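A quick write-up on the structure given underneath.
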Amino acid sequence: TSLSETCVQSLATDSTLLPVSYKQRLAAGCRHKQWQLQPQVSGRCGCHRISHSEPPADTLLYAVYAFLSVVNLIIGLEQDNIIDGFVTFYLKEADPHINTAHGHMISYWDGWVHYLMYLLMIAAITWGDSYRTIGLYWVGSFLMRAIVYILGNAVGKYGSQVGPLFLLHMLYISVSVWACFRIFSQPSTQDAQNIQEAPRRSLLRRPLDLLFIIYLIPAFGFCVLRGLVALDCSSKCCQDYTQLYEPYLKDPSAYPKVQMLVNMLYSGPYYIITLYGLLVPGCEWMPDLTLVHSGALAQAQFSHIGASLHTRTPFSYRVPADSQLVFLLINVLYALVPQALCYRCCTRPAFFLRPTPEKKRD
């Protein structure tokens with residue numbers, strides 16, 4: 001227990017030093033006369049003061065979010081009895097939604113994955129680089145988490161127990177939506193001048209894209225199937241799938257139902273649009289779209305897989321032991337392939353970029 005407490009305290013301490021680390025880096029690289037560096041060494045770290053200026057609002061926001069991510073990680077660890085005594089009072093007084101299996105998984109996702117994203121965005125802002133790519137991935141992850149959590153709270157079995165902390169959570173979401181618009185407003189980092197000369201090959205000469213297209217068709221069907229299950233479809237196919245592989249879709253917390261409905265309404269059209277983008281050259285929106293979707297699906301699948309197997313989920317709604325291998329294989333593949341597609345679109349975007357007007361005239 002002492003080792004766990006030490007690790008958690010170290011994480012919390014490091015997250016509180018993020019604004020200080022930002023000021024230190026920014027002051028060291030600044031050449032303007034109005035900036036003054038006043039080092040004050042105290043204990044294990046050196047603190048720097050910067051006068052006559054304030055750090056960007058984005059940096060302060062993501063520093064606060066990084067601290068909150070550590071808090072969420074502590075909540076998840078205490079809920080699973082890995083640590084004890086840190087947020088006991090909060091868990092007793094908080095809304096009951098946080099104690100569900102889905103609440104556990106989003107605490108872990110926020111505590112690890114979102115925390116890393118915030119650090120990367122803070123570093124990019126500090127060094128003067130664009131953070132649009134990692135920012136769009138975070139936008140997808142955040143929006144999926146927020147939509148499912150809010151709607152699940154409203155229509156699930158805890159819908160009548162929404163308290164003041166839920167309203168505070170809505171404030172957090174409102175500020176995050178503002179951050180999403182800030183990220184979208186940043187200019188794209190793709191340099192069309194350098195890569196527009198790449199040849200536009202046919203689909204048969206792009207075997208990787210062909211594999212992605214082959215994947216998109218069954219992925220669309222799988223997405224629609226789980227959406228129909230969430231709508232209580234009475235067909236034998238839906239009933240058998242629920243009973244044999246994913247009984248968690250019937251959990252009364254309503255999070256899995258909302259998750260599958262969101263997937264069907266948003267991921268379904270995405271697969272069709274992506275199919276078009278892989279077939280027709282010049283779809284410049286493809287890298288951004290795949291970034292947002294891959295972030296959303298990564299968060300969704302992590303929460304869904306973890307909650308389906310978590311001990312907080314009632315036994316009758318957990319994945320049957322003899323079906324776990326198939327369940328994991330399908331759901332992990334469903335989560336990983338969009339990440340590979342996103343990587344392909346962002347690292348080799350020549351097929352999706354249009355020639356500039358200057359080149360066309362030449």
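Each Cβ is built from the backbone N, Cα and C atoms, and glycine gets one as well.
Your range for transmembrane segment, going by TrEMBL and the list 59-77, 325-343, is 59-77. Contact between the transmembrane segment (162-181) and the transmembrane segment (59-77) is supported by 3 or more Cβ pairs under 8 Å, counting only residues 6 or more apart in sequence.
Through the fold, the transmembrane segment (135-156) approaches residues 95, 97, 102, 106, 109-110, 113-114, 117, 121, 162, 166, 170, 173, 176, 180, 183-184, 186, 252-255, 258-259, 262, 288, 291-300, 303, 342 of its own chain, all at least 6 residues removed from its boundaries and within a Cβ separation under 8 Å. Counting residue by residue with DSSP, the domain 'EXPERA' (57-180) contains 103 helix, 0 strand, 21 coil.
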